[in-house]
Structures are given as structure tokens and as C-alpha cells.
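Q: Here it is: the structure, laid out below.
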């Protein structure tokens, strides 16, 4: 049924807009199993939401539309190929309405950077529409909708730090004491998640290829997070996809080396890359590392961030003006 079919639609859908902020993620630990028959890989990962936030505003409208500005926005589709668009359609379908909203996204999370920016925006649309339309869809149902959109979308709702299993969509909250401080190095280009997974499959199939040992258990990482000690966490950061990302973009080796040379405790490729995340001992150390890394000429740009932060949340409106 279309939202226009009933004469109560205008009463049911308030006018105005809702803005949601949503974080990017870093994978502190990413154990990638062999390719399954369905084409997916079994994952065990520790997600960590960091203070690099996209801002998504959803307004009532006559027709579904999407506009994007900011970090890498010009390279992104603004139609049904975009996960945020599909999130609007899915949410509307879930409640039996037409997806008549205008979505505006201000990007800060890098595009195709291994920080799940597209997934974050999709999660934000679900939260924004739930609020804008006053639906009261419970969190567990939002999580189920998020999992239909993609394996990183549920964590963008969840935020904080979480252990992800399955394809990454099954989440358990992880106790994290303390705030951890990060420097994020953005690469000039992006890496396709599908290509990185295909590359790790290819590398593993080469008999004469020596890869780093696969990750075995997230338990030491969870213990380090509970301790709140960045020095304990640093040597445990790991990513089974890192050899594939380095194979596809060899410049990342220089970036990783430069970050540690600048004073980071450790560096890791985030998810499928190419963003590199550097753990630092303090907020001040992160600023120093970021400054030095920015001048080293090994990445496009540098951001300082901290985590964990909460997942997709409505921004309180400073006024009632729509």
C-alpha cells in the first residue's frame, strides 16, 4: 500500500526532519575462514566504533531521493545501488508504506576504506526513519533489518565494541574499559571488499606462498580491552585480510611502517582496507603521531579519533524548526 492511498497518511507522518550521527568502525581483530559454498567467509571479528561520524538527515518528501556531500561523496551512486537508499525501501516495506523521504548524507567516513561507511549510512537511515515516522520499531527488529542489508550494518546500529561472528552480523557486546586513541590514515584510492576477499582466497590457494599465521582466538584481545591498557592491546591487533590488502596496494606497507615510526604502538589495516588504523598510548600521542604521519607523504589524509563510541543515534534538535 502506498503512503498516498489513505487519507490519514499526512496525519500519521509528521513533517520535519531527523538527523542521525553514525560511527565508522575499525576491526581490532579479523579472523577470516575459508570461502564457504555460499560464497561467504565465516568471520570472527572484534568491531570497535570510533569517533569518525557520518551525519544522515532524513526529511519527509513526496518521493525517495538521496544526496551526498563530503568525503568521497562524488564517487558514490545516489540511487538504488546505494545501501542507504535500499535501507529506506526496506524500512518502508517493513511497515507497509511508500519510502517517501529525502536523505542527505554528510560523509566523513572514507569511501571504500574498510571502515563500513556505507553500512553506517544504511543503519542511520533505519534509525532516522524509525524516529521521523514515529514507528517505535524495537531495536531487535532494526537489527534484523540491518542484517538483511549487509553484515556490517548491525554493528553500526550497535556501536561500542562487539564480537562479531557468522558473516559478522551476530554480535555480542564486549566490555571495554578506558578510551582508546587512534590515528586513521586514508589512502588515495579505495579497495573493493569483494576483490580483497577474492585475493585472500587466491593467496591461500598458492602452494608456494607463505602467509602470516592465521589468527586463532579473540580471547587475548577481549582481555586487553577489559584491562583498558593500549600497550596490552597493541601487539594483539590482527587482520587475516591484511596480506590481501597489501598485495592489491603495496603502498600500505610504507604507511604501516611510517605510523609505527611516528610513535604509534601498532598499526593494522582496517577490515578490507585500505585505511590503516594506528593505536596510540594517549590522546596527546595520537595528535603527535597524526601530525608526523600527515607530513610523511604516505597517505592522502589523516584523522585522529577515539573509541569506543555509541552506534547510530538521533541528534537532539536544537529547535523545533524543521
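From the backbone N, Cα and C atoms, a Cβ is placed for every residue, glycine too.
Quick paste of what Swiss-Prot says about this protein:
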ACT_SITE  25  active site
ACT_SITE  152  active site
BINDING   110, 111, 112, 113, 114, 115, 116, 117, 118, 119, 120  ATP binding site
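I'd like to know what surrounds each of these features in this structure.
A: Residue 25 (active site) carries a strand DSSP state (E or B).
Residue 152 (active site) carries neither a helix nor a strand DSSP state and counts as coil.
The Cβ of residue 116 (ATP binding site) has 30 neighbouring Cβ atoms from other residues within 10 Å, across all protein chains displayed.
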Q: Let's check the environment of residue 120 (ATP binding site): how many other CB atoms sit within 10 Å of its CB?
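A: Result for residue 120 (ATP binding site): 35 neighbouring Cβ atoms inside 10 Å.
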Q: In Å, rounded, how far does the Cα of residue 25 (active site) sit from the Cα of residue 152 (active site)?
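A: On Cα coordinates alone, these residues lie 9 Å apart.
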Q: Between the Cα atoms of residue 114 (ATP binding site) and residue 152 (active site), find the distance and write it as a whole number of Å.
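A: About 10 Å separates the two Cα atoms.
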Q: How big is the gap, in Å, between the Cα of residue 110 (ATP binding site) and that of residue 152 (active site), rounded to a whole number?
A: 15
Q: Express the distance between the Cα positions of residue 116 (ATP binding site) and residue 152 (active site) as a whole number of Å.
A: 6
Q: Calculate the distance in Å between the alpha carbons (Cα) of residue 112 (ATP binding site) and residue 152 (active site), and round it to a whole number.
A: 13
